[in-house]
Every structure is written in structure tokens, then in C-alpha cells.
């Protein structure tokens with residue numbers, strides 16, 4: 001049995017409460033030797049918020065991608081730890097999960113941005129040291145504890161919140177496409193249907209509350225819309241794949257994202273922004289133009305990319321399209337979960353977006 005066939009609905013324990021990070025040491029009393037894996041900016045923000053950190057907690061700061069090389073380098077430094085605490089964004093949390101899995105110890109996840117559902121999933125996206133997508137690694141454990149503190153997250157950069165909204169919005173589009181195109185009975189099981197229902201619930205939360213959440217973030221004030229959006233992004237999004245397994249994880253939009261990771265100009269664009277663009281490509285592939293038209297005003301309000309120029313791809317666009325398309329149709333890519341497509345069809349879909357949003361095609 002493959003790891004993605006096992007139902008793991010989310011963290012073993014989950015807390016969302018304003019101020020909860022300030023008593024984190026009380027929550028981790030069962031452990032004797034915690035080791036923090038964090039980023040430089042993440043740790044600075046966290047340290048300023050909590051004021052103090054127990055002296056015996058080991059601190060390891062990481063600035064690169066969640067690469068196999070980084071995991072191999074960090075793990076020996078945590079050899080005496082009995083729990084890994086990941087404090088950061090998706091790349092840091094994926095690194096922390098992979099290190100904990102390698103050491104076969106528990107992991108506690110603390111997102112410093114509402115950018116992905118990495119804090120609630122038992123897997124890591126593995127990149128090359130240069131940031132090119134390589135694979136998804138499934139781990140033996142879900143997190144021992146995931147802690148979400150809205151009062152801390154309200155001060156995080158708004159771009160990460162927007163990215164998280166894009167990465168979460170795709171849950172419905174990808175899961176629905178996988179399930180609709182599946183030819184086996186398990187795609188209609190109760191848990192897979194629960195995953196699909198959850199993705200609808202999440203989509204509706206975002207369409208209703210996410211713009212208000214961004215406004216709350218801009219004002220620096222925690223509101224009901226902000227907390228709902230944060231929990232949809234960080235926690236509920238993970239339950240889609242948790243309940244649905246392979247039927248609730250990545251398909252079309254993430255395949256486009258992964259292809260874009262090979263285009264250097266896109267490396268400064270956050271993960272969820274590229275995934276949001278991938279949603280539009282996925283819809284264009286299925287000729288669902290009306291749905292694209294319905295989403296475009298929402299995209300404009302959130303500043304999501306809708307064409308190549310928005311992705312910073314200005315020169316050599318035809319070459320970039322070919323590279324993205326060839327990667328997306330790789331038999332090992334997630335696009336094949338929603339059907340069989342050729343590279344020229346993916347290019348045509350991206351050109352549809354150019355026509356709809358820039359009045360030109362490549």
C-alpha cells in the first residue's frame with residue numbers, strides 16, 4: 001500500500017488561539033531536548049513575539065530550500081533531540097518534518113505565515129538546492145502538535161497570506177478533477193467524498209472571507225474573517241489530502257507550478273501565487289472558460305498572476321511555455337491524475353490565458 005492511500009486526517013493535536021505561542025513550553029513539557037529548525041526572518045519574528053525561549057532548546061537556522069542535501073546536513077545536528085520544532089513557512093516546516101522523519105522522532109509545527117498547509121500534512125515537498133521541484137516525500141508520522149496563533153500571524157507579510165489563499169483555493173479544483181476522472185471504486189468512498197465536501201467548504205470560506213482577511217491583515221487587527229481564512233489555509237486544507245489521499249492531493253495546477261519552478265524568473269514569486277495561475281491553466285485545459293471569467297475579478301482583487309508577464313516571464317516566452325508544458329505532461333507529474341494531455345495542449349491552454357488577459361498569445 002502506498003502512503004497516499006492511508007487516511008491521516010491532520011495533526012495529532014491542534015490548537016488555534018490568540019497568544020498560545022507565549023506558553024509553548026508548557027505544551028511541550030513531555031519532551032526533554034527540543035530542537036528548533038527555523039529560518040532567519042521567521043525566528044526573528046517569533047523571538048520578538050514570545051520574548052523568551054528556554055535555554056536548553058537547540059536552535060538551528062536554515063536559509064535554503066527543503067532539499068535532500070539540507071535534510072542530510074541538518075539531521076546530524078539534531079541527533080540528541082527528542083522532538084523537532086519547525087518554526088517558519090512551508091519550506092522550513094517541510095524541512096523540519098523530513099528531519100524528524102529521518103530521526104524517527106516527533107515534530108511540532110508552528111507556521112509563521114499563513115502561506116501553505118505544510119503545518120497540517122505528513123509530507124514534504126523536496127526541491128533541489130537551486131529550488132527546482134524534485135518529489136513529494138511521505139512521512140511516517142503526522143505532527144505531534146500544530147500551533148496556530150492568529151495574534152502572531154496578523155503581523156506576517158501580507159503576500160504570504162495571499163499566497164496561502166491561492167494554494168488553498170486549488171484544493172477544490174484539483175480534487176474535483178481527480179475524482180471526476182478516476183476510474184476506480186475507491187474514488188467514490190465515504191472518505192474521498194468527505195474530502196471533496198471539505199474542499200467545497202474551504203473554497204466557499206475563501207471566496208467569502210479571504211478579501212476581508214487581507215484587509216484585516218493590512219489593518220493589523222485579528223477578525224473573524226482573518227481567523228477563518230488562516231485556519232482554512234493552514235489546517236482545513238490539509239484535511240482534503242488527509243481524507244482523500246491520492247484523490248485529494250495535487251493535480252493540474254500544481255503540475256503547472258512545478259513546471260514553473262524550472263523557470264528562473266518565477267523563483268521570486270511565492271508558491272501559492274504560481275499555483276493560483278495553475279488553476280486557470282487547468283480550467284483552460286478543460287475548456288472551462290466561464291469559470292476563468294468568474295475567477296478573474298477575484299484574482300485581480302488579490303493580485304494573483306493571470307499571465308506570463310505577471311509571472312515575470314517577459315523574454316523568451318515561447319521557450320518558457322515549452323519547458324513548463326513538457327514538465328507538466330511528464331508521466332510522473334500530477335497532471336496525469338486528471339487525464340492524458342500533450343505538451344501542445346498545455347501550451348494552448350496557457351495561450352488561452354494570454355488571450356483572455358493580455359489580448360495576445362505566444
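Note that Cβ sites are derived from N, Cα and C of the backbone, with glycine treated the same way.
Please treat TrEMBL annotations as automatic predictions, because they have not gone through curation.
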254, 271 bind glycerol per TrEMBL; candidate in 159, 167, 344 listed for that same site:
167
Near-site residues: glycerol, ref 167, 254, 271, CB cutoff 8 A to centroid:
116, 166, 170, 250, 253, 257, 272, 274, 275, 278
Compared by Cα position, which of the binding-site residues 167, 254, 271 is the closest one to residue 92 (NAD(+) binding site)?
271
Given the binding-site residues 254, 271, which one is most crowded in terms of C-beta atoms within 10 angstroms?
254
Please report the distance from the Cα of residue 93 (NAD(+) binding site) to the Cα of residue 271 (glycerol binding site), rounded to the nearest angstrom.
14
Rounded Cα separation (Å) that holds between residue 121 (NAD(+) binding site) and residue 271 (glycerol binding site):
16
Work out how many Å separate residue 94 (NAD(+) binding site) and residue 254 (glycerol binding site) at their Cα atoms, rounded off.
17
